[in-house]
Amino acid sequence: MQDSSLNNYANHKNFILMLIILFLMEFARGMYILSYINFLPTVTSIAVAITSLAFSIHFIADASTNFVIGFLLKKFGTKIVLTTGFILAFTSLFLVIWFPASPFVIIFSAMMLGIAVSPIWVIMLSSVEEDKRGKQMGYVYFSWLLGLLVGMVFMNLLIKVHPTRFAFMMSLVVLIAWILYYFVDVKLTNYNTRPVKAQLRQIVDVTKRHLLLFPGILLQGAAIAALVPILPTYATKVINVSTIEYTVAIIIGGIGCAVSMLFLSKLIDNRSRNFMYGVILSGFILYMILIFTLSMIVNIHILWIIALAIGLMYGILLPAWNTFMARFIKSDEQEETWGVFNSIQGFGSMIGPLFGGLITQFTNNLNNTFYFSALIFLVLAVFYGSYFIVNREKAK
C-alpha cells in the first residue's frame, strides 16, 4: 500500500513538472513565433516574406518531427532526445540575441523550436492516466493555451519597451524548462532498438490502423485554422470594431476555453461511451452553427457571446476527442501513435490558413471562408455521427 502511494505521488509530481515544462516551452514559442517575428518587419529591415517563411517552416518542422519522434524516443531514450531538443531550442534562440535581424537566424530558430517542442508533447500525451484522461488532458491543453497566449502578450509588452533588447528572455525561458527536466523521471511504455526499416513499417501499420481517426484529426485543425487569416479583417472591416475590441473577443474565447478545460473536461472521466460520443457530436454541430452564424453578425456584443460559446465548447471537445482517439491506441505504442496523430493535426493547421486565404482572395467574400469552415464541421458531424450510431448498434 505504501509503495503504491509513493508511486502515485511520484507519477503526480512528474506530471505536474512536465506540465510546467510544457507551459514554459509553449511560452517561448508564443514569444517567438506569435509575437517577436511578427513585429520584426515593423522595427527592423526584415521583410514580411522572411517572417512568413519562418512561421511556415516552424510548423512544418513541428509536424514532420511529430511523425517520427515516438520512434526516436523508443530508440534513443528520453534523455538523449529531450536534451537534444533543449540544446537546439536554447542555442537557436540564443543566436537571436546576437543576430536579431538575420534572415538565416530567424528561419533557423523557428525550425529548431518546432523540432524541440515535439517530444515534450508526445511524452505528455502518452503519460496521461486512462482513468483521469479527460481531467488531465484538460490540464495539458490548458498549459499549452496559457503558455502560447501569455508568451505572446508578454513579448508584445517587451517589444513596446524596446524591439530587440529583451530577446534574451526567450532563451532564458527555455533554459529554465531545461533545468526543470532534470527533476523529472520520464518513463516510456517500452524501449526498442529495431532497425529503421522495421520502424518505417510500423509507421505505415499505425497509419493504416487509425485511418478512421484521420478525417477528424486533419479537418478539425484545418477548419479552425482556415479562419485565422480572415478574422482580423472580418472584425475591423465587417463589424467595424477596433483592434482592442477584437482582442477582447479573443481573450473572452480564451477564458471560456480555459474554464472548460480546467473544470468541465473532467466530466469525460468515468462517463459512458455514449456520453463521450454525445459531446463530440454536439461539439461538431455547435461549431458548425456558431461559425455559420459569424457570417451574419455585425454586433460586437453578440460576437463576444459567440466567442465565449466557442471557447467553452472547444475546452471540452478536445479532451473528449482525445479520449475517443486513445481507445484505438495499443498500450505499447503510445509514443509512436501520438506522434503520428500530432503530425496529421499539424498538417491540418498548415493547410487551413492556405485554403482560408485563397477562398477569400478568389471569391472576394469573407463569408465564403466561414461557409467552408462550417461545411467541414457538418461533414465531420455526419461522418462520425454515422460511425457512433453503427458502433452503438453493434455493441447491443
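Just so it is clear, glycine is given a Cβ too, placed from its N, Cα and C backbone atoms.
Per Swiss-Prot, the features are as follows:
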TOPO_DOM  1-14  topological domain 'Cytoplasmic'
TOPO_DOM  35-45  topological domain 'Extracellular'
TOPO_DOM  74-79  topological domain 'Cytoplasmic'
TOPO_DOM  100-104  topological domain 'Extracellular'
TOPO_DOM  127-137  topological domain 'Cytoplasmic'
TOPO_DOM  160-164  topological domain 'Extracellular'
TOPO_DOM  185-210  topological domain 'Cytoplasmic'
TOPO_DOM  232-242  topological domain 'Extracellular'
TOPO_DOM  264-274  topological domain 'Cytoplasmic'
TOPO_DOM  298-302  topological domain 'Extracellular'
TOPO_DOM  327-337  topological domain 'Cytoplasmic'
TOPO_DOM  359-369  topological domain 'Extracellular'
TOPO_DOM  391-396  topological domain 'Cytoplasmic'
TRANSMEM  15-34  transmembrane segment
TRANSMEM  46-73  transmembrane segment
TRANSMEM  80-99  transmembrane segment
TRANSMEM  105-126  transmembrane segment
TRANSMEM  138-159  transmembrane segment
TRANSMEM  165-184  transmembrane segment
TRANSMEM  211-231  transmembrane segment
TRANSMEM  243-263  transmembrane segment
TRANSMEM  275-297  transmembrane segment
TRANSMEM  303-326  transmembrane segment
TRANSMEM  338-358  transmembrane segment
TRANSMEM  370-390  transmembrane segment
Find the average pLDDT over the topological domain 'Cytoplasmic' (1-14) in the predicted model and report it. 59
When only pairs 6 or more apart in sequence are counted, do the transmembrane segment (15-34) and the transmembrane segment (370-390) reach 3 or more Cβ pairs under 8 Å? no
Do the transmembrane segment (46-73) and the transmembrane segment (105-126) come together with 3 or more C-beta pairs under 8 Å, pairs six or more apart in sequence? yes
Remote residues contacting the topological domain 'Extracellular' (232-242) - C-beta distance under 8 A, at least 6 residues beyond either end: 249, 294, 297-300, 303, 366
When counting C-beta pairs under 8 angstroms to the transmembrane segment (138-159), the leading stretch of 80-99, 105-126, 165-184, 211-231, 243-263 is 243-263
Can you name the far-off residues of the same chain, 6+ from the ends of the transmembrane segment (165-184), with a Cβ under 8 Å from a Cβ of it? 14, 17-18, 20-21, 24-25, 27-28, 31-32, 36, 82-83, 86, 89-90, 93-94, 96-97, 100, 116, 151, 154-155, 158-159
On the DSSP side of things, how many residues of the topological domain 'Cytoplasmic' (327-337) fall into helix, strand and coil, could you say? 7 helix, 0 strand, 4 coil
DSSP composition of the topological domain 'Extracellular' (298-302), residue counts helix/strand/coil, works out to 3 helix, 0 strand, 2 coil
By a Cβ-Cβ criterion of under 8 Å, what residues six or more beyond either terminus of the topological domain 'Extracellular' (298-302) are in contact with it? 238-241, 245, 249
Could you pull out which residues elsewhere in the chain have a CB under 8 Å from any CB of the topological domain 'Extracellular' (359-369), counting only those six or more residues past its ends? 226-227, 229-230, 233-234, 237-238, 295
